[in-house]
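**Student:** Encoded as structure tokens, here's the structure I'll be asking about.
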Amino acid sequence: MLISVALGQVLSLLICGIGLTSKYLSEDFHANTPVFQSFLNYILLFLVYTTTLAVRQGEENLLAILRRRWWKYMMLGLIDLEANYLVVKAYQYTTLTSIQLLDCFVIPVVILLSWFFLLIRYKAVHFIGIVVCILGMGCMVGADVLVGRHQGAGENKLVGDLLVLAGATLYGISNVWEEYIIRTLSRVEFLGMIGLFGAFFSGIQLAIMEHKELLKVPWDWQIGLLYVGFSACMFGLYSFMPIVIKKTSATSVNLSLLTADLYSLFCGLFLFNYKFSGLYLLSFFTILIGLVLYSSTSTYIAQDPRVYKQFRNPSGPVVDLPATAQVEPSVTYTSLGQETEEEPHVRVA
């Protein structure tokens, strides 16, 4: 339980690094290039993971994967890119407070998608933990209002709020799809295909929408270092998140990420002279209590995962079972992974 909470906080710290470097780029150097920043991350994923797939042999080779399910990864790459873009774009229209509140919409999206598509079922303690986490987030937003920290243009709040909701929905779809792939296929395949299609679509979007902004950037070593720092944090987040999702779940990860804003705020107390409120500490510990409650017991699968609609092979799996084996009708997932009892091995054709 404590390991699952700690792993989630590592992801929150990486997001904190992403937020700090982005803030310096946009406010101190007037480099508003969210698509270019995403493009750099996708290029790194391509160089590391897509090339790994390219040199593999057999069914795990890049060309073999593309032949079987290229269109699915193309959709996922586009969803992942636009989720990042829409939330960043929302800062131009609405306030930070609205973004922090509405971004929590990703949690019910992930819960619903996990319920219907991953067949994950929750217990009462999970819902209590989720509510406690959201209360902690509300406490943080209230502290922001009290100390006057509600940055953002707020000139067209409706447009900005709709952008946040759309981005949160796409985040939820991407996270649940990611969990399905890494449980049925592999982490390297997911990251390799995201790198391939993410680089492709972000390159097109960069050329169409952001090339003029990129030419305005006053390049020097400081800006270059900030881009390197952003790319390193983003690459670390993408590389590490599948590991955490496989050990916990997409829902648990998104609850853990609620503390990212608080880490950014604690850094901002020293870097940007933010005002402090005791409600921030209350918010932080409330979210942690919610995470501990959520991780204290396991979720479970409604039925055997072998009846899932197969991502690997639409024609269905080939199951090799001993003649006397009894198949366990359900599988539970704890916060640290999958638990099975005498479950026969499944070979997917």
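Placement of Cβ uses the backbone N, Cα and C atoms for every residue, glycine included.
Pasting the feature list from TrEMBL:
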{"type": "TRANSMEM", "residues": "39-58", "note": "transmembrane segment"}
{"type": "TRANSMEM", "residues": "70-87", "note": "transmembrane segment"}
{"type": "TRANSMEM", "residues": "99-120", "note": "transmembrane segment"}
{"type": "TRANSMEM", "residues": "127-146", "note": "transmembrane segment"}
{"type": "TRANSMEM", "residues": "158-178", "note": "transmembrane segment"}
{"type": "TRANSMEM", "residues": "190-209", "note": "transmembrane segment"}
{"type": "TRANSMEM", "residues": "221-241", "note": "transmembrane segment"}
{"type": "TRANSMEM", "residues": "253-272", "note": "transmembrane segment"}
{"type": "TRANSMEM", "residues": "278-302", "note": "transmembrane segment"}
**Student:** Which of 39-58, 99-120, 278-302 shares the most C-beta pairs under 8 angstroms with the transmembrane segment (221-241)?
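**Tutor:** Selected stretch: 39-58, with the most Cβ pairs under 8 Å.
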**Student:** Using a Cβ distance cut-off of under 8 Å, indicate which of 39-58, 70-87, 99-120, 127-146 has the most pairs with the transmembrane segment (253-272).
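**Tutor:** Stretch with the highest Cβ contact count: 127-146.
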**Student:** Counting Cβ pairs under 8 Å to the transmembrane segment (278-302), which of 70-87, 127-146, 158-178 comes out on top?
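**Tutor:** Ranking 70-87, 127-146, 158-178 by Cβ pairs under 8 Å to the transmembrane segment (278-302) puts 127-146 first.
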**Student:** With a Cβ cut-off under 8 Å, give me the same-chain residues at least six positions beyond the ends of the transmembrane segment (127-146) that come close to it.
**Tutor:** 96-97, 100-101, 104, 107, 111, 251, 255, 258, 261-262, 265, 277, 279-280, 282-296
